[in-house]
Amino acid sequence: MTAVAMGIPTVRSSVSLAGRPDVDQLVDRFGRVARDLRVSITEKCSLRCTYCMPEEGLPAIPAENLLTANEIVRLVDIAVHRLGVREVRFTGGEPLMRVDLEQMIAGCAERAPGIPLAMTTNAVGLEHRAAGLARAGLTRVNVSLDSVDREHFARLTRRDRLPSVIAGIRAAARAGLAPLKINAVLMPETLSGAADLLEWCLSEGVALRFIEEMPLDADHEWARENMVAADRLLAVLGERFTLTEHGREDPSAPAEEWLVDGGPATVGIIASVTRSFCSDCDRTRLTAEGTVRSCLFSDQEIDLRAALRSGAGDEELAQLWRGAMWNKWAGHGINADGFAPPQRSMGAIGG
């Protein structure tokens, strides 16, 4: 297999603010307000999930192009205090690949007290760091886990690390990183084990959310005719459990919730493709290289790193960020004629 390029989109240093109201928040032309910040801190990962990364991994980002821990802390500070962000989630790649993660979390917790600091992780090695991350100020984690069958897990991730993942999940629970949620990608390869995964999550007392696979794989092999839709999953789970529709926690929450066997336990389904929630999206994304991405599927990014390293003040950086979000698309366009997936894969963008 040949190496897969990072697929860098068009990166701009400025954008038009024409027509934008004079408000501090991250508003866009369709009336949405971004309050949920996703910060990708690395492209590196300890697994090679087939829907996210090629087997050999992604090309390394030159160290000088990565945001430092202090730069990330400053940008999070700006997002919270100038732009109205109310939640921050660290993603990758795999965030645990950064040895300065605890420093980063502690800095953000100090500069933005009271703001939830979350992390999406594969949990490999988390058993050794969960307590320290909690002490630093991390409040909760989501763990990517598609199977609790060791052989199946190894095929999906190309790594035999399931025991480490389970140990990490349990360590996170002991450290009080709650609510602890499991994210599982819906694929033909995972559908047969979906009920077993839900059974395991119920026994561990953790929430489970299934996510429809989106066209964000590094090998660009996603095909609509092969994807597993939410309705198919519901039929499969319904063979073992009684599911009762429970709606969404709030309008901007992506997961539709279903009570399992009358509750109180629930299972969530994020139907990103078949029942998109773009009209309620409240996310803004910062890549590991310091660019703002308004949508997973955007073909443009706005460069904050260059401005930051050139001495730009906080308000100048905030205004660049506002411009990036003002021009956000109405939706991801997956269901539109002529849709073209982004060149960056999920591993390069940050989940």
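Any Cβ shown, glycine's included, is placed from N, Cα and C.
Since we're looking at a predicted model, the values are computed, not measured.
Feature annotation from Swiss-Prot assigns domain 'Radical SAM core' to 29-243; the stated evidence is sequence analysis.
Taken from Swiss-Prot, the feature GTP binding site covers R38, R89, T120, K181, R283, T284, R285. Mapped onto three states, the DSSP output places T284 (GTP binding site) in strand. Cβ neighbour count for T284 (GTP binding site) (all protein chains, 10 Å cutoff from its Cβ): 25.
Sequence annotations record features per position, and here Swiss-Prot assigns [4Fe-4S] cluster 1 binding site to C45, C49, C52 based on sequence analysis. Sequence-distant neighbours of C49 ([4Fe-4S] cluster 1 binding site) (same chain, six or more apart, CB under 8 Å from its CB) are S144, D146, L156, T157, R158, V185, listed in sequence order. Following the DSSP three-state reduction, the secondary structure of C49 ([4Fe-4S] cluster 1 binding site) is coil.
Look at Swiss-Prot and you will find Y51, G93, S144, M214 tagged as S-adenosyl-L-methionine binding site, backed by sequence analysis.
In this view, C278 ([4Fe-4S] cluster 2 binding site) is surrounded by 17 other Cβ atoms within 10 Å of its Cβ, with every protein chain counted. The [4Fe-4S] cluster 2 binding site annotation in Swiss-Prot covers C278, C281, C295.
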Where R38 (GTP binding site) sits in the secondary structure, as DSSP reduces it to three classes: strand
Site extent for GTP, whole Å (max Cα pair distance, R38, R89, T120, K181, R283, T284, R285): 21
Nonlocal neighbours by CB distance (under 8 Å) for R283 (GTP binding site), same chain, sequence gap 6 or more: A34, D36, L37, R38
Alpha-carbon distance [Y51 (S-adenosyl-L-methionine binding site); R285 (GTP binding site)] in Å: 20
DSSP three-state assignment for M214 (S-adenosyl-L-methionine binding site): coil
Minimum Cα separation from C281 ([4Fe-4S] cluster 2 binding site), reported as the residue among binding-site residues Y51, R89, G93 that achieves it: R89
Binding-site residues near T284 (GTP binding site) (Cα-Cα within 10 Å), from C52, G93, M214, C278, C295: C295
